[in-house]
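A short write-up of the structure that comes next.
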Amino acid sequence: MLGRMQYIKLTTALALLPCVFSFNVDDKNGLNFHGSLEDMFGYSVQQFENSEGKWVLIGSPLAGQPAKRTGDVYKCPVDRGPNPKCIKLELPENTTIPNLHEVKDNMTMGTTLVTNPQGGFLACGPQYGYMCGQQTYISGVCTNVSSTFQVLNSIAPAVQECAKELDIVMVLDGSNSIWPWNSIIEFLVKFLKNIEIGPKLSQVGIVSYGEQVIHNVNLSQFNNTLSLLGKVMNLEQQQGVRTMTFLGIDTARKEAFTVERGARPGVKKVMIIVTDGESHDSHNLKNVTAECEKDDIERFGIAVLGDYNRNNRSITEVKKFIEEIKNISSDPVGDHFFNVSDEFALLTIVDALGSRIFALEATSGNYTSSFEMEMSQAGFSAHTSKEGVMLGAVGAYEWNGTVVMHTDQGTMVPLNADFHDPLDERKESLAGYVGYDVQSASTPNGVLYITGAPRHNHTGRVIVYKLDGQHITVTQVLKGEQIGSYFGSVLQTVDVDQDSYTDILLVGAPMYMGPEREEQGQVYVFKLNEKGMFEHQATLKPDNQTCCTSAHSHGCTNVRKNDPCGARFGTAIAEVSDLDLDGNRDVAIGAPFENDHRGAVYIYHGAKKTIKEKYVQRIPGPGDGVKTKFFGQSIHGVMDLNGDGIIDVTIGGLGGASLFWSKDVAELYANMTFDPSKINLQQPSKGCMLGGRETVCVKTRVCFSYSVKSEKDDANSGTAIKYSLTLDSLRAKSRAAFVNIDEKSERKAQATAKIIDNLCVEHLFAMKAKLDFRDPIMVSLEFGLAEDTGPVLDGDLPTSLNKTIPLVDCGTDDKCIADLSLKAVPSIQSLVIKANKEKFHVLITTRNSKDNAYNTKVMLSFTENINYVKVEPKEKDCSLNNTKVECAVGYPFLKSNVEEVFKILFEVNPAHIWKEIQINVTATSDSDEVNSTLFDNSVKISIPVKYEAGLRFTADRHMKEDHIIVKEGEQHPRVFNGTSVIGEEVKISYTINRDVDMATPPLKLRVKYPYLSPRENILLYLTHVTSSQDVRCHAGHLINPLKINHNNVHTLNLKKETLSDFLVGCKDHPCESFDCSIPHVNNSQVNVTFRVWKPTFIKAEFTSLHMIVHATLENQNTDLFMLSTANHARDVKIQVSKEALGGIPLWIIIVSILIGLLILALVIFALWKAGFFKRKSMEDMEKEDMKN
């Protein structure tokens, strides 16, 4: 019923060949259980123990091939030899629900298999069905099996008693247009053959109509189907010119469904109307259908278009007829309306009509295609706990799905609305398959129930909810991220630290597409927080799979044989009980499609209430992917089945299952010491010779401690270990050699030894000549177990150890007395920080005046308001740790009377504001130094700091015109009843923007403006002050100080005066001012609005003037900050001009004319003196030319 993914779930399984060993799951000595590949033997597995012994239970959902395929469960012993024989439990035969017509074929028993904490196990067949009439319902069933493999009872919470009784009345159009009538008879016969008729079953009545209505068959007239068919085959056509459809329907309602004609009280009423034309009494449609609704009669309408097609009726007429029959049919119309091309085609709809009517036998509403629990497939998934059994029912509520809770007190079946809100969810979220998998989580505040819906909205989701009696409260919804990934199809909660409370939830999305469109799959890890909510913590992914095809074969050795490609990682997720014996539960995840359907399983170890993101073991299935495949379809690992105290793992799939024994986990620790602990070549060891010369010998002592984690008494019986020692491992050529070792391997010693608890061994090595002291001698130890047949090493413990021996050259007393001195000089004495990249350096000089100073270091610690940049020269070895820098000087030692100089570069960090930069510089070494010379080993640097506020201060003026002009003869009102009539509006916006990454101090903006003239006439009148939310301005007393409004008019009383023709500022005129406080913010703005007091300028004598609004920005934290002079003040000028009164005076005109005449006379006189007027005319010149 579930389409593609149901098929996938019932066909993914196992490969049985040995796997590759990498941690402590051993593949060499396990057990294989073989079964039929076609039966899907191995599809589910569970470990089990009872008084008879230890077992592996294996589900085989299609057992019974090729006939019934009922499925079954096998019990396979694990302690009866290397080739155990599995025994079929015959569960389908012993699984039964009384008083049902059961359908066990294809019931897929063994699809779901879970053990019961109280003993026994539960096996489910989600395809179990039963029949109601001719309808088969797939309810699903689970069988409760005891610890002795006896069937205790069967659980089928979705089974409902069949409501077989229906009263069906067929209303037939018998008018002349119905032709041929035999087609109607054939339709009735085929339809009625599928109905079981009887007093306790369904009853059928027949009414036909034309112009009149006739009762052909009463409901109780026949008590079996065969008798009714005999009557129907001889049914005559009524005839008639008119089609009185609504008369026929109404008569059937009033008379056919009466007790006298056999109707049964309380039985569902069904009416089937068959007609071929628009009625002649359609005006009764609303009334008749309304009465049918009141009587709860469910109506099916069948429109026969034969007469319309034979007479070539118009499309409009056809549509009108169809619309009428739709209106007759019950809602939803799509489930109750049929139309056929002619009478012959009626036979084609018999099956569809029958299935919709038969669906009424199991549904209580008037929605024939709406299923609730009839197709639920309960047991598709199951989870047992102390509270009861959770059963996933993916087919419930039209495959929206639900989760049934079965307890000793009864069965709780949620309503559809408990998991699905029909008002909020669209059709795309239907068929979400809630219940595909189920789990529970234990918290200090109670139990959380969890279910997956992998098809919800195509991306899948996981629902977390609480259960209080019959009430469900959804507490959280986790949503998938990729369409078709099947997020939520597999769930597993894990109590990692075994404190009885759930730590994590693992959610599988096995069909998650990889980069090559292959179904790689992935698993999401959600951590349960203290509030009872799951938070995404990590996403686990398999090894990348290359899809090898004939078209894409680059890097492939074999072309794949099976589709789809990928891994399907997350198809199975199992909590495994502490494989590595560290006290934390572990997790196994199956990837059955990996490696061309051979499959694989990944093991993840638990740690600190979660699991490690990197798997510790990958167990591949090396089958051929055809005969044996899908290794990792099912996993179970909660028991020690061979008595060695360690949890074993069972992995199943298609064709069989395998039980893998787990190995013990060993802990092997190592330590290494040297005698002497320092090497001084001036003190050779007594009797130590190398190459015929006396030298220093070092005794290396290596000690091992060994134990195993299992608690068995004989577990720690000892084992063989192997180890190797390498001298001077960081160098290509060693400065030391082992004594009495082959010259070819003089720097390396290898050995194998037997250990039970503790073991110590000694090796002697000698120093070579021409020793340099640049770095110490490093000795590297590598160790492990010599055999792989016993325990395995704890993967969290190291298998190597490196230790160094310092080299000293301090004379025969072996004491190095150094005398270090330090100078540290900054390149600046104070700093004004203008940008976040201000840099400076500290010049450091280190000198040693006595013995070699080994491992000399200069350490600088500094305040957070600076950052380390680099060291010069760059070859100097310096390391940074937060606000500390450590530099090696003269490594491995600073020689006597040697000085080293280097620079450390810093840059300011404006994220931290300090009054000063502090740097502490200290020089140290591993050599000794007397107290009297330590005074010059450290220097403290303090640099005063001020920050130039990183801001931009702007002032923008907004006016209708560039300046204000007082026109000649302009008048002003005598009274003001609002500020809008005072004069032109002037808006000034002051903006303070903070530069990126630069701090700003708290600021004060002061705005001064000329308010009164010398004769106390108003110049600028303040009307509004607004600012950004963080700014506080104190200008309330200055805004509209005269309170001018409609209720408070102001009468003008001006004094005439002469104003300066230049600037009107605050030096010579009375001014007003207000302040605005600006905190540490990124951007702030203050908007000031004035009105120019126009009457003052109309009455005053002036030509043109500028009024200045002066704004200053003041720093409120002068200890740390300063403002640049460019950002200190802003002036805004407001120009006012006045047109001259009247025309130009007459005397100016006369004087101008006289002056013009005088200038003209002077020009003429000058030309005359220059002989300009004595020049010959053109005529005189021409006459002279003629004479010549």
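A Cβ is built for glycine as well, from the same backbone N, Cα and C atoms used for every other residue.
Annotation comment: TrEMBL describes 1-22 as signal peptide.
Mean pLDDT across the repeat 'FG-GAP' (27-85) comes to 89 in this model. Sequence annotations record features per position, and here TrEMBL assigns repeat 'FG-GAP' to 27-85 (among others).
Per TrEMBL, domain 'VWFA' is recorded for 167-353.
Residues annotated as repeat 'FG-GAP' in TrEMBL: 473-535 (among others).
The repeat 'FG-GAP' annotation in TrEMBL covers 555-613 (among others).
Under the heading repeat 'FG-GAP', TrEMBL lists 617-677 (among others).
Per TrEMBL, the feature transmembrane segment maps to 1144-1168. Nonlocal intrachain contacts for the transmembrane segment (1144-1168), taken as residues 6+ away from its ends with a CB within less than 8 angstroms of a stretch CB, are lacking entirely.
Counting residue by residue with DSSP, the repeat 'FG-GAP' (555-613) contains 4 helix, 22 strand, 33 coil. Taking H, G and I as helix, E and B as strand and the rest as coil, DSSP gives the repeat 'FG-GAP' (473-535) the counts 0 helix, 29 strand, 34 coil.
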